[in-house]
Amino acid sequence: MTLSFTARWRDELPATYTALLPTPLKNARLIWYNDKLAQQLAIPASLFDATNGAGVWGGETLLPGMSPVAQVYSGHQFGVWAGQLGDGRGILLGEQLLADGSTLDWHLKGAGLTPYSRMGDGRAVLRSTIRESLASEAMHYLGIPTTRALSIVASDTPVQRETQETGAMLMRLAQSHMRFGHFEHFYYRREPEKVQQLADFAIRHYWPQWQDVAEKYALWFEEVAARTGRLIAEWQTVGFAHGVMNTDNMSILGLTIDYGPFGFLDDYDPGFIGNHSDHQGRYRFDNQPSVALWNLQRLAQTLTPFIEIDALNRALDRYQDALLTHYGQRMRQKLGFFTEQKDDNALLNELFSLMAREGSDYTRTFRMLSHTEQQSASSPLRDTFIDRAAFDAWFDRYRARLRTEAVDDALRQQQMQRVNPAVVLRNWLAQRAIDAAEQGDMAELHRLHEVLRQPFTDRDDDYASRPPEWGKRLEVSCSS
């Protein structure tokens, strides 16, 4: 089957990009590709044949129909207007046309210098491409909206970061790479007609049912806000901290995008900061819902030329509603509740307080709770708490709450085990794969990808364990 590509972004939004070609790496070689995703997209296996070199995965060739561009956008970074940004190391190669008429961006990260590289070198390093490939696939299999990773290419090109590292490229796929920052770019350049063109593009291609509706812009922004709310709720329920929620890292489609200094909670710490450059804790775990709203407010400002203030405020209210509703639903599922009752939040917050005092592992606590039987006086979960009396008091209230529902243990446990993962991408697991890959051993990278495809399967190995001492509180930076 021949892959078909279109260039809607290039054809319809000429002010938003610079056309250019990727700059290949030295001795580039394919070290990993996403076989399952490739099969779903009917990508010919021959394209992954190592005897053909790095090919399109390393920017050495283009496929018919590809029209590569680097996109320009702006944004607020750490709450401060940063001005023009853009694809400083990435190139949108083209948009794959799928059988249902939708498209999928092929975006090559680490593809070389662009007009938007600023002081950078246009490159990505092996460490960061491995982290993004693992994180995006982990999030996908957790059921969280995200970009996807299709391939990683390593090379002999040296790249200087804090130390000298190895240049690499990642092929990232997404329904769209449209960001809040695209709208900010033209708003602050005082070009409102181009802001409206971006909105028209989004509605035409992603919400076509509203094209001929009088209130199409208000409806569209309301949906952007709701998607963002549901996304943040998903992050909070799995203990995911993005690390760098700048407005240029926010997706119009409500996707998790731009994996940098992210981290999944080990010990439950609501103030967890994944990014060691975030000295003020702006992007700490428990502040993500507030930051997302702040970012939506910045986006709303750009839409004031063609959406009424009241409609914008209604959309922002929709964010809060979507966030709280979705978060509540997810957390009740994690606790094994099939109905909503007025004291559920209090019971959840009591558990969180107990976990915070004890330094309980976030993922393991909920997974172990999903195996606990109502009638059990003792359990492996109880044994993880030092203050057994406090746990017993909470568990008695929890057990009483479960008894209000006509659901047996087996059905409850089944539901809980579908939403409480046994495995998440802890930073130490990613680092172990990176360390091996930097020595030329890709086995752990491939093995970890396979493990992350089954996050709700119980394991008795270290993929589901608490981190070792060296793996606790690993510092992660924005450097990529």
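Every residue gets a Cβ built from N, Cα and C, even glycine.
Keep in mind that what you see is a predicted model, and the values were worked out from it rather than measured.
Sequence-distant neighbours of Asp121 (ATP binding site): residues of the same chain at least 6 apart with a C-beta under 8 Å from its C-beta are Arg89, Leu113, Val159, Gln160. What Swiss-Prot records for Gly86, Gly88, Arg89, Lys109, Asp121, Gly122, Arg172, Arg179, Asp258 is ATP binding site, and it gives sequence analysis as the kind of evidence.
Around Asp248 (active site, proton acceptor), the C-beta neighbours below 8 angstroms that are at least 6 residues distant in the chain are Tyr73, Ser74, Gly75, His76, Gln77, Ala82, Leu85, Arg179, Phe180, Gly181, Glu184. Feature annotation from Swiss-Prot assigns active site, proton acceptor to Asp248.
Taking all protein chains in view, 21 other C-beta atoms sit within 10 angstroms of the C-beta of Asn249 (Mg(2+) binding site). Annotation comment: Swiss-Prot describes Asn249, Asp258 as Mg(2+) binding site, evidence class sequence analysis.
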The correct three-state DSSP answer for Asp248 (active site, proton acceptor) is helix
In whole Å, how far is Asn249 (Mg(2+) binding site) from Gly86 (ATP binding site) when you measure between their Cα atoms?
11
Using C-alpha atoms only, work out the spacing between Arg172 (ATP binding site) and Asn249 (Mg(2+) binding site) and round it to an integer in Å.
14
Give me the Cα-Cα distance between Asn249 (Mg(2+) binding site) and Asp258 (ATP binding site), rounded to a whole Å.
6
Within 10 Å, the Cβ with the most other Cβ atoms among the binding-site residues Arg89, Arg172 is that of Arg172
